[in-house]
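S.K.: Pasting the relevant annotations from TrEMBL:
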BINDING   GLY10, CYS11, GLY12, LYS13, SER14, SER15, ARG124  ATP binding site
BINDING   SER14  Mg(2+) binding site
BINDING   ASP32, ARG56, GLY84, ARG143  substrate binding site
Amino acid sequence: MIFTLIGFMGCGKSSVGKSLADALGWDFADSDALIEKGEKMKIPEIFSSLSETGFRKLEYSYISDTVSKYRKEGMNHLIFALGGGAPVYRPTAELISRQTCTIYFKCPVEELIDNLKTDGIENRPLLKGGNLESKVKGLLSERETVYSECASMTVHPYSLTPEMLKNRLR
Ligand code: S3P
């Protein structure tokens, strides 16, 4: 089974996803890390050379390859943290809704802003320049419907337990 984690930047997809995978003995992958490794470039460099549209297509190809790999017989379960904008690209939204169990990590906007201030925005070109609070609020309101529509489960990241994931396997 593949569990994809979606949600806005700073909601904890990678950190919470990794600790859940460790607790369960499952595999963990992060789409941004796969892209950076594969392309040998940091996310902001990819955005500047391909633009956001080009990045979304590239992101789709990495997500699709990973999903195909883990759908094969005999693979371990996977927790797959996706970049916050991945479901905005319709082919990605369709792929993860049809072929994975998609979990939306929903956080209050104030919590996202606090986390982003702590984490930093170096790898998040869409948040650079201007006022962080208004950028987060604007983008989140554009994306919330897409996140909810893609998800088969919506939770606050800290309320998701290993047992809840194991129950989904039945
Ligand atoms: C993006 C989120 C980032 C990264 C890129 C674009 C977005 O990932 O993929 O900066 O559009 O929301 P995180 O959600 O892991 O920060």
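Just so it is clear, glycine is given a Cβ too, placed from its N, Cα and C backbone atoms.
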S.K.: Go through the binding-site residues CYS11, GLY12, GLY84 and pull out the ones with a Cβ less than 6 angstroms from some atom of ligand 1.
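M.R.: Only GLY84 meet the Cβ criterion.
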S.K.: Cβ within 8 Å of the ATP site centroid (GLY10, CYS11, GLY12, LYS13, SER14, SER15, ARG124 excluded): which residues?
M.R.: GLY7, MET9, VAL16, ALA81, GLY84, PHE105, ASN115, ASP119, PRO157
S.K.: What is the interatomic distance between the Cα atoms of SER15 (ATP binding site) and ASP32 (substrate binding site), given in whole Å?
M.R.: 13
S.K.: Report the nearest neighbour of GLY10 (ATP binding site) in space among the binding-site residues ASP32, ARG56, GLY84, ARG143, comparing Cα positions.
M.R.: GLY84
S.K.: Largest pairwise Cα distance, Å, within the listed ATP binders GLY10, CYS11, GLY12, LYS13, SER14, SER15, ARG124?
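M.R.: With GLY10, CYS11, GLY12, LYS13, SER14, SER15, ARG124 as the binding residues for ATP, the largest Cα distance is 16 Å.
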S.K.: Can you tell me the CA-to-CA distance separating LYS13 (ATP binding site) and GLY84 (substrate binding site), as a whole number of Å?
M.R.: 9
S.K.: Whole-number answer please: how many Å between the C-alpha atoms of GLY12 (ATP binding site) and GLY84 (substrate binding site)?
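M.R.: Just about 10 Å between their Cα atoms.
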S.K.: Measuring CB to CB from CYS11 (ATP binding site), give everything in the same chain under 8 Å that is also at least six residues away in sequence.
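M.R.: In sequence order, GLY84, PHE105, LYS106, CYS107, GLU111, LEU112, ASN115, PRO157 meet the Cβ cut-off.
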